[in-house]
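> If you scroll down you'll find the structure; I have some questions about it.
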Amino acid sequence: MFPGLAAAAAAHRCSWAALCRLGGGRAATRGRSQGWKNVMTFESFTYVVPDIHPHLSIINQVKLYSTNVQKGGQGSQTPKADKVPSLTQTVENIGAELKAPLKQDPLQVRVKAVLKKRDYGSKYTKNNFITGVRAINEFCLKSSDLEQLRKIRRRSPHDDTESFTVFLRSDVEAKALEVWGSLEALAREKKLRKEAEIEYRERLFRNQRILREYGDFLGNTKPRSRAVSVFLKGPGKVVMVAICINGLNCFFKFLAWIYTGSASMFSEAIHSLSDTCNQGLLALGISKSVQTPDPSHPYGFSNMRYISSLISGVGIFMMGAGLSWYHGIMGLLHPQPMESLLWAYCILAGSLVSEGATLLVAINELRRSAQAKGTTFYKYVMESRDPSTNVILLEDTAAVLGVIIAATCMGLTSITGNPLYDSLGSLGVGTLLGVVSAFLIYTNTEALLGRSIQPEQVQRLTELLESDPSVRAIHDVKATDLGLGKVRFKAEVDFDGRVVTRSYLEKQDFDQMMQEIQEVKTPEQLEAFMLKHGENIIDTLGAEVDRLEKELKKRNPEVRHVDLEIL
């Protein structure tokens, strides 16, 4: 009936569903201009098929053509055609295929295990450690009570011990409540013990005083104390020599002023008196500076030298310069005739020799100290590295110059008979003392404010830390001079976490660690594993800090206090 259609169907052997998909794929680019109809054309016959599925694209024209097959000398022959499905069957086949469920792979979703965040609150003390001494003192416990508690070994913050035993504060508090029953009973016991401690200290003080009196009565010789031995060498020796010489000069200058009435001699007498008082103050500062640190002063009392030197500078200005200016101005306003100046010249000559000897002692001490510090004499004096000897040097220099000024002005007065020259000498000595006091006030104030050490020394300390493998960088370096050759060093250290972790792993058993890793199956087990080794790594980091501090102090003995902060 339709030989062309039958021949095409037998040749291609394709399903209608495939043809429909082919036509739909080609029609996807043509838009949806055909609306809701699908057009299928077989040669000259066209059928309209309704759109039965929303996902089926519009099928445009699909045409099948017949083919003439020539064999030998025969004419065209038409092959036997298979049964062609009807239009209704074709539509039903297409609808059934489209309605069939699509095969999809199962959807796999990765669920992220998240550790629940803990709320520690504003105050959390369950992980605080406390030493045995604090537990006994603060909670009124006995050593036997602590034996039943958990003991934990931790790194010691002191250089003399590697580690020490601590207890959990929560365990100690629970034990205290078990022993005393309530917080009120514990508070009452602490109050009673505090009163007993005060009474014990009072009895101890009385007993020590009785022992001192008994020792003095028997003439018992005690070992020389540190405060006494410090005056036998170094700056203490210079101060004691200056006190003795200036005391004698002050006495003889006052006698000369009383005998002659000279304003210049009065200024020199006041000058020697102020020097003697100030040097006594320096001796007190030196004695105080060598005291051992206590809980109230953990960094010691080395700044007492700067404080005493500062007060000495103020005293020189008020007593020495002030009185000299006053007496010189009064001499200019109300000149008085003077007696013979022979004795005054003799006393000034003796003063020049004695003050010069003290000046040489101070210069030699400063030169020796400057060589020990590796700096020049001038720089050592200007930076006031040794405040006590510095004061002696400046005072004796001013004393020698003052004697020369006073002798010159008194000589002019003797030659001319004009007392105004003597008053001008008093003003000159006062001005000299004012300059010395201003220099002392400035240098000691700078030292008390916290003066940095030499830049070369800071660079050397920084390079020592940076050369360590566990350190990445050093920031915010502060190195201050505490006096008495003591240095405080502070820096923020950026540690290399890989090196610190490797240092920890080198001390671990890898087989045991691998076994622990294989046993981790749940988030809780992973948390326990990480907490265990994380805490140990933090302890390793603290040990690295302690090691660097000890190394820094060992190579630089002048560095007494080191504060390394982890960045």
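Even glycines carry a Cβ here, placed using N, Cα and C.
Straight from Swiss-Prot, here's the annotation block:
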| type | residues | note |
| --- | --- | --- |
| MOTIF | 461-465 | motif 'LXXLL motif' |
| TRANSMEM | 238-258 | transmembrane segment |
| TRANSMEM | 313-333 | transmembrane segment |
| TRANSMEM | 341-361 | transmembrane segment |
| TRANSMEM | 391-411 | transmembrane segment |
| TRANSMEM | 423-443 | transmembrane segment |
> Which listed range (313-333, 341-361, 391-411, 423-443) shows the maximal number of Cβ pairs under 8 Å with respect to the transmembrane segment (238-258)?
341-361
> Give, as a single whole number between 0 and 100, the mean pLDDT over the motif 'LXXLL motif' (461-465).
92
> Restricting to the same chain and to residues at least six past its boundaries, which positions have a Cβ under 8 Å from a Cβ of the transmembrane segment (423-443)?
263-264, 266-268, 271, 274, 309-310, 312-317, 320-325, 327-332, 335, 382-384, 387, 390-391, 394-395, 397-398, 401-402, 405-406, 408-410
> Please spell out the DSSP helix, strand and coil residue counts for the motif 'LXXLL motif' (461-465).
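Computed counts for the motif 'LXXLL motif' (461-465) are 5 helix, 0 strand, 0 coil.
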